[in-house]
Amino acid sequence: MLFISSVLELLLLITGSIVFIYIYRTGFYIINKIKNNIVRNVVNTCFLLLFILTTIVSIKLVAFDIYKIPSVSMENTLFPDDIILVDKLKYGARLPRSPYEIPWVNLVFYFNDNGGKRIKENWWTYKRISGLEKIKRGDVFVFNTVSNKYDILVKRCVALAGDTLNIRNGRIYTNNKLFNSLDSEKNNYNFKITNKKKIFNIIDSLALNNYISIDNKINYGVANLSKIELEKLKKTNCIDSITIQIDTFNIDKKLFFNLSKKWTLDNMGPFVIPKKGMKINLNPETFSLYRGAINSSENYLIKEIDGIYYINNNKISTYTFKQNYYFMLGDNRKYSIDSRFWGFIPESNIIGKVQCVLFSNYQSNFQWGRLFKSVN
C-alpha cells in the first residue's frame, strides 16, 4: 500500500510538472510575438516572476510544506528546532477557506481594512482533494487547533473516528486493544537511588542530564525518559526501584469533558470518538463530552436549559455528526498539551502527514543523524 501511495504521488508530481512546463512554454511563445523589445522584456520578466510565485504557492497549498517544531511535546520522535516536511497529498490537500490561507495572496488582505475584520472567518466552505491514503492509528500529522485556526500543532493520532478510547494508568486502549507505543515515547518515572556517587557519572555518560532530577536528601529521583533511555538507566545497577509516575486529579489542569468524572492525564474514558453520521442521544454526559466539538467544528450552537437541549434555539433530543474526528497525543506524555486538554480534532483541521525531518538544529547543534530522518 505504501509503494502504491508513493507511485501515485510521483505520478501526480510528474503530471503537475508537465502542466506547469506547458503553461510556461505557451506563455513565452505568446510573449515572443510582441515586437517591441522593451515591452517584451518587461512582460517577460513579469510573467517569469508570476510563474515562479504561482508554482511556489501551488506547491505549498496542495503538495508539501515545511514547519518548525517549537516544543518538547513530541520527544523523542521530534525535537525542538527540527524542520519537518509535511505531505499534503497523503490525506488530500485541504483547499483554502479564506484568502488568508493562501500564501502571498493573504498579504493583500492583511493591509485591507475591510478584509482585516474578517481574518477569523471562513469565506468558503470546507473542501478537500481526494487523498492517497486514509489516516491510520499511529500517524503523526500537522493540524490547526480548534480554538484558533491559525495555530498549528503536530501530534500522534491514537484513535480514529468511531473508535472507543480508554486510557488506564497511562496505557492507551482503542477498541479494547492496547495501542502499540514506540520506543521513542517518553514518560515520567520515579526511582530510588542505591549508589549516589555512581549515578551522577552514569547520567552524564548517558547524556541524560536534562531529563533527570535527583533529591539528595531522600535519594529519590524523577526522570523524563523514553523506553530506550529507561532500559539504559535500569542497567546501571544504581537503581533499587523504578515506577511510572501516574497523574492524579487536579482541577487546575482543566482537562476536557467535565469535572465530575475526575479524569487525569493517565486515566480517562472510555468514550467514543465522533464519526461522520454517528447519532447520539443527548443527555448530561453526552452533552458535556461532545458539546465542544459541536460548537467549535460543526457550525452549530448547542446549549442546555433546564434539562432540554437546543441547537440554534431549536429543541432537539439527538444529534448526528457532520464530519470525522480524531484523538491526538504528544509522544512526551507528561509534557504535551493535546486532546486530553482540548478534545477531538475535526477532519477539517488536518493539514498533512509528517513525512520526515529535513534537518535539525536541536540544542543549537546541527544533528547530522536527523538529516532526512523518516518519521514513524
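Residue numbers in this text run from 1 along the chain shown.
Glycine is treated like the rest: Cβ placed from N, Cα and C.
Since we're looking at a predicted model, the values are computed, not measured.
TrEMBL lists 6-24, 45-67 with the feature transmembrane segment. Annotation comment: TrEMBL describes 47-191, 321-358 as domain 'Peptidase S26'. The active site annotation in TrEMBL covers Ser73, Lys155.
Outside the domain 'Peptidase S26' (321-358) by six or more residues, the chain places 64-66, 71-78, 82-91, 93-94, 126, 128, 135, 139-147, 149, 152-161, 163, 165, 167, 170, 172, 182, 184-188, 224, 245, 247, 253-257, 263, 265-266, 268, 273-280, 292-294, 297-299, 370-375 with a CB less than 8 A from a CB of the stretch. Taken together, the residues of the domain 'Peptidase S26' (321-358) have an average pLDDT of 96. Sorting the domain 'Peptidase S26' (321-358) by DSSP state (H, G, I as helix; E, B as strand; all else coil) yields 10 helix, 17 strand, 11 coil. Sequence-distant neighbours of the transmembrane segment (45-67) (same chain, 6+ residues past either end, Cβ-Cβ under 8 Å): 13, 16, 20, 23-24, 27-28, 31, 83-89, 93, 95-96, 102-105, 129, 142, 152, 154, 351-352, 355, 358. Residue counts for the domain 'Peptidase S26' (47-191) under DSSP, helix first, then strand, then coil, are 29 helix, 43 strand, 73 coil.
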